[in-house]
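This report concerns only the one structure given below.
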Amino acid sequence: MEKKLLVVLFLSLCCASRLRGEAAQQWTSATATFYGGSDASGTMGGSCGYGNMYSAGYGTNTTALSSALYGDGASCGACYLVTCDASATRWCKNGTSVTVTATNYCPPNYSESGDAGGWCNPPRRHFDMSQPAWEAIAVYSSGIVPVRYARTPCRRVGGIRFGIAGHDYYELVLVTNVAGSGAVAAAWVKGSGTEWLSMSRNWGENWQSNAYLTGQALSFRVQADDGGVVTAYDVAPANWQFGSTYQSDVNFSY
């Protein structure tokens, strides 16, 4: 009897945990299209600044976001769980979902109406996904489908990377490979001879400092949009070079 009660209690706790997880999953309706070709080669670059998605670690499951989701770059790096809404179209691959990373911006097309080509016009919530990601959930020939989406933790391999471009008194730091929330809300840099200095978002996931940091070992602090903070000490050595990328040994949990 005692063993049966323990089994019942265990199952009850599992169910309660699952229900809490489902309740916490904030599903929102949107639409989705695709671009970039079957190998996603057409998705390289993008307004988040990641460049080559393969070498940046984002692979082919990426998406451009409409203005309503993009937030002037604030959503760069965020991960979304997307599923085709089978209750609203026959073009879904039932029972499937895909996790995509926001890497680009889908601009509005005001010459077209929102339901006839202007998919990314405000206030529409729209995902213009890579073709491989799209075909994980929908039939190729459908063109556009209704979807449901939710933010989901990003899983990354290794630490956060910091690519340094610019010149003296103008450091432009590209922050990539961010796990957890994935989206950076604030960033700081510290030279071995300075205090912590706040950086500002220049564009996408490029963060700007106007300090003179040449010849100093650099540490970085990153705050995600969920409030989490990680600090990467002495990521770049004192002889760091513009045009180089430095990988830390820290990242957010997921």
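Glycine is no exception: its Cβ is also placed from the backbone N, Cα and C atoms.
Now, the feature entries from Swiss-Prot:
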SIGNAL    1-21  signal peptide
DOMAIN    45-159  domain 'Expansin-like EG45'
DISULFID  CYS48-CYS76  disulfide bond
CARBOHYD  ASN61  N-linked glycosylation site
DISULFID  CYS79-CYS154  disulfide bond
DISULFID  CYS84-CYS92  disulfide bond
CARBOHYD  ASN94  N-linked glycosylation site
CARBOHYD  ASN109  N-linked glycosylation site
DOMAIN    169-248  domain 'Expansin-like CBD'
CARBOHYD  ASN251  N-linked glycosylation site
C-alpha of ASN109 (N-linked glycosylation site) to C-alpha of CYS48 (disulfide bond): distance in Å?
20
For ASN61 (N-linked glycosylation site), the nonlocal same-chain Cβ neighbours (under 8 Å, six or more residues apart) come out as VAL98, THR99, VAL100, THR101, SER130, PRO132, ALA133, ALA136
In the three-state DSSP scheme, ASN61 (N-linked glycosylation site) belongs to coil
Determine, using Cα-Cα distances only, which of these disulfide-bonded residues is closest to ASN94 (N-linked glycosylation site): CYS48, CYS79, CYS154.
CYS79
Mean per-residue pLDDT computed across the domain 'Expansin-like CBD' (169-248)
98
What whole-number Å value do you get for the CA-CA distance of CYS92 (disulfide bond) and CYS79 (disulfide bond)?
21
By the 10 Å Cβ-neighbour count, the most surrounded of the glycosylation sites ASN94, ASN109, ASN251 is ASN251
Argmin Cα dist to CYS76 (disulfide bond) over the recorded positions CYS84, CYS154, ASN251 returns CYS154
Within 10 A of the CB of CYS92 (disulfide bond), the number of other CB atoms across every chain shown is 20
